[in-house]
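Asker: What Swiss-Prot records for this protein is below:
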SIGNAL    1-26  signal peptide
TOPO_DOM  27-264  topological domain 'Extracellular'
DOMAIN    47-197  domain 'FZ'
TRANSMEM  265-285  transmembrane segment
TOPO_DOM  286-294  topological domain 'Cytoplasmic'
TRANSMEM  295-315  transmembrane segment
TOPO_DOM  316-344  topological domain 'Extracellular'
TRANSMEM  345-365  transmembrane segment
TOPO_DOM  366-375  topological domain 'Cytoplasmic'
TRANSMEM  376-398  transmembrane segment
TOPO_DOM  399-416  topological domain 'Extracellular'
TRANSMEM  417-437  transmembrane segment
TOPO_DOM  438-460  topological domain 'Cytoplasmic'
TRANSMEM  461-481  transmembrane segment
TOPO_DOM  482-514  topological domain 'Extracellular'
TRANSMEM  515-535  transmembrane segment
TOPO_DOM  536-642  topological domain 'Cytoplasmic'
COILED    584-611  coiled coil
Amino acid sequence: MFNKNNNNNKIIIILKLFLIILIVNNNNNIKTFGLNLPDGYGAGLVDPTATCSNYIGDSIDQPLCNEKLPNYKNIYTSKNITIQYINQKIVEKTFISLTFLQSKCFDLNFAEFGICDIYFPPCFQTPTTITPIKSVSLPQRLCKSACERMVSNCSSLGASLNCSDPLKFPRIATLYNLTDYGFTANGGFFPVPCSDPLATFENKSTTSELIEICPSPLLLFNSSDPKYSADRGYTYLTPTNCVLPCVAPIYTEKKWHQMYNMSKILSTISFVCSIYNVLTFGILNHRRSKYNYCITFFSASVIIITMMDIVTYGIGYEKLLCPEPGRFAVQSDVSCGATGALFHIGITNGVFWWTTMSICLFAVVKRIKLFDFRYFIIFNTTASLISVIIPLAGNAFMAGTGSLACWIRKTWYVNSVFWIPCGIALTIGSVCIILVIYEIYKITKNVSTKDNRMILLQIKPFLCVTLVGGSFYYLFIFNFDNESHSKEYKEKVVDYVMCLLSDTGKECLMAGPNYVAYFVFYFFIRLFGITFFCIYGTSQNARDIWIHSKILNHPNIKPFLLKYNIINFNSMTHYGSGTNPTSNSKNSKNNQNNQNNNSRKEFESKNIELEVNESISKGQTTRGADDEEESNINSASNTSSD
């Protein structure tokens, strides 16, 4: 995730922070007063308020220098104890910087020993035999040899550690002027040996490992522990053990909740609309046609898709997608595996049924007799089931770093069982639609401008396949555009880390897809049910189905509808699946049969099929066989169901 080869130059910028935190702040404006220092010696000022005290200790949840100090009971502390708290914060920020230098540096554990030595230096308390007037506390500076080892193992540190400066990194000792405290030997300058953490490092390195600290909101886990492996849903910023938070910081929290709310609202509406379409065209409608089957099966696919969303927001988006801090849901999380499988089988089946509808439209226009329609049902269902079984077997369903649902996140699987087969299906459907448009164009050239009924009949099917097909194509375009920029997004993770290290207080976001494009991607997926309802669920065809349904003609319901004039049953069309309110006499039944025969033809003219329903006057085109649509599906009787 963290591209070390392309981002090494950027990582060096982290050391700008290092420049600040590695200045030895307890050596304020050291001056030598014209003293000619011996080779290997530095000089320092005496702080009369400084003391030798215990190290304040690390916090329970964040280890720092407890195991990296030679003697935690003897730490040089200037002014008051609060300076230790300040230095502790600086050390913590320094360790954060070192965490992200692991790809460039070696022996960083020793560097951490050196950092602790700089900010919590060993303390030398002068005895009265040396300073009879007053005992003073003096710090032991880090030895030049230790500084050079830190720099040699991590060249990036050379920009911030000037090991040649004897005032900060003496080779032998630091001289302090103790004349005012009664020391007279050596011209009043007392040498305090430098501190070399090598001995401490060699003694404690086996028990004190490199301390990694991740800036908030990144979390620290042990990647070598199978419990926290990447396969369990942890996204590591290699080579560190820092993982991305869940939900991924691609967008602001406000924008994530906007997408959650959009998904809740549209999915619920789409679910209800699809239930209505299945009930209308699949259950109440006794007159079957291949287009009614297409509507029914496509709407059933949308129901499955939206069920995924309903289950997800029922559990809670963040609870389902992020079952633990820093961990994205994977297939072994039952709710993720189940919702992911629902979504995949729904979206795949939906693509296949959209393609089937396109093929049927083309077959009607070209008067091509298709094979038994049951083969479409068998193929679409079987292919959809196989496409979900394969990724389930490969544990390929997971939430991913930024999404609203669990789905297939392994590239090989998603390309093999979705993008490639569905891409082929969309291509076939698109070719059919283009050919249909061409056929309509040829027909309309011979149609009188005064008689445009045939053209109007084609608006709904074309509007449907265009909107739904366009939505599917947008999903493809967005996905492959996102994939083409995935490397760029990964490379820019270092910018996100730099923002976290800068500690400016502003909200840091990772690079990712454009928010509007991402929003529209999920918007279209949840719009299918509403689109089909608006085109077919509100049609005269759907109203006729309900008027003739047993539900509205039920003895307990029909009187209520008549009483309040909700539905005008006198104007309804009687066709095979309807209920006839006329008398039961033999003549009435014969009249009813004749009426139903005529009504069936009228109903066909309202049907959703793309066909020329009437002859055009004066040498115009003639209509193809009306009964082709029923050749593969059991047709309804011409008589009343009652």
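A Cβ is built for glycine as well, from the same backbone N, Cα and C atoms used for every other residue.
The model shown is predicted, which means the values in this text are computed figures rather than measured ones.
So where do these features actually land, and what's packed around them?
Answerer: Packing against the transmembrane segment (265-285) from elsewhere in the chain are residues 292-293, 295-296, 299-300, 302-303, 305-307, 309-310, 313, 523, 526-530, 532-533, 536-537, 542, 545-546, 549-551, 577: each is 6 or more residues past its ends and has a CB under 8 Å from a CB in it.
Mean per-residue pLDDT, taken over the topological domain 'Cytoplasmic' (286-294), amounts to 84.
Sequence-remote contacts of a segment are chain residues at least 6 beyond its ends whose Cβ falls under 8 Å from one of its Cβ atoms, and for the transmembrane segment (295-315) they are 260, 263-264, 267-268, 270-271, 274-275, 277-278, 281-282, 321, 335, 338-340, 342-343, 345-347, 349-350, 353-354, 356-357, 377, 380, 404-405, 525-526, 528-529, 532, 536, 608.
Same-chain neighbours of the topological domain 'Extracellular' (316-344): 219, 221, 231-235, 243-247, 260, 263, 304-305, 307-308, 387-388, 391-392, 395-401, 403-408, 417-418, counting only residues six or more beyond its ends whose CB sits under 8 Å from a CB of the stretch.
Within its own chain, the transmembrane segment (345-365) has Cβ neighbours under 8 Å at 290-291, 294-295, 297-298, 300-308, 376, 379-381, 383-385, 387-388, 417-418, 421-422, 425-426, 428-430, 432-433, 435-436, 439-440, 461, 464-465, 468-469, 472, 525, 528, 609-611, 624, 628-629, counting only residues six or more beyond its boundaries.
Here the topological domain 'Cytoplasmic' (366-375) has, by DSSP, the following mix of helix, strand and coil residues: 2 helix, 0 strand, 8 coil.
Beyond the topological domain 'Extracellular' (399-416), the same-chain residues lying 6 or more positions past its ends with a Cβ under 8 Å from any Cβ of the stretch are 233, 235, 244, 246-248, 250-251, 259-260, 263, 308-309, 312, 317, 320-322, 328-331, 336-337, 339-340, 343-344, 390-391, 512, 522.
Within its own chain, the transmembrane segment (417-437) has Cβ neighbours under 8 Å at 344, 347-348, 351-352, 354-355, 357-359, 361-362, 365-366, 383, 386-388, 390-391, 408, 462, 465-466, 469, 472-473, 476, 479-480, 610, counting only residues six or more beyond its boundaries.
Listed by sequence, the residues of this chain that lie at least six past the ends of the transmembrane segment (515-535) yet keep a Cβ under 8 A from its Cβ atoms are 251, 255, 258-259, 262-263, 266-267, 269-274, 276-277, 295, 298-299, 302-303, 305-306, 309, 347, 350, 404, 460, 463-464, 467-468, 471, 474-475, 478, 481.
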Asker: How do the residues of the topological domain 'Extracellular' (316-344) split into helix, strand and coil according to DSSP?
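Answerer: Secondary-structure breakdown of the topological domain 'Extracellular' (316-344): 16 helix, 3 strand, 10 coil.
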Asker: For the topological domain 'Extracellular' (399-416), how many residues does DSSP put in helix, in strand and in coil?
Answerer: 6 helix, 2 strand, 10 coil
Asker: Per DSSP, what is the helix/strand/coil residue tally across the topological domain 'Cytoplasmic' (286-294)?
Answerer: 5 helix, 0 strand, 4 coil
